[in-house]
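The feature N-acetylalanine is assigned by Swiss-Prot to Ala2, with similarity to another entry given as support. Swiss-Prot lists Asp61, His62, His63, Ser78, Thr79, His80, Glu81 with the feature substrate binding site.
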Amino acid sequence: MAGKAHRLNAEEREQLLPNLRAVGWNEVEGRDAIFKEFHFKDFNRAFGFMTRVALQAEKLDHHPEWFNVYNKVHITLSTHECTGLSERDINLASFIEQVAASLS
């Protein structure tokens, strides 16, 4: 299990968030979290994506909030331990991007 998470400070956010914004991640209004909606060819690809992300999330002991309808997967990331964005969210979002790219 990873060490205690800390909430990203302003400098860390300036360094880490632009790359995620560039690929479609947005900040949740009124909450210290990021989200993105992914679209796939069909339900099987969406479910395969979720399965790969779930396996990694379990390894990291850091789980996304997500919602799936057919070929769409909406993901929100925030770290409950520090009540906001942490490096764990950035790392998981980066992994999620790699998985999504491999399925397109």
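A Cβ is built for glycine as well, from the same backbone N, Cα and C atoms used for every other residue.
Shown here: features listed in Swiss-Prot, placed on the structure.
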residue: Asp61; record: substrate binding site; Cβ within 10 Å: 9
residue: His62; record: substrate binding site; Cβ within 10 Å: 20
residue: His63; record: substrate binding site; Cβ within 10 Å: 13
residue: Ser78; record: substrate binding site; Cβ within 10 Å: 21
residue: Thr79; record: substrate binding site; Cβ within 10 Å: 20
residue: His80; record: substrate binding site; Cβ within 10 Å: 11
residue: Glu81; record: substrate binding site; Cβ within 10 Å: 14
Three-state secondary structure, which DSSP defines for Glu81 (substrate binding site): helix
Residues close to substrate site centre defined by Asp61, His62, His63, Ser78, Thr79, His80, Glu81, Cβ within 8 Å: Ala5, Ser86, Arg88, Asp89
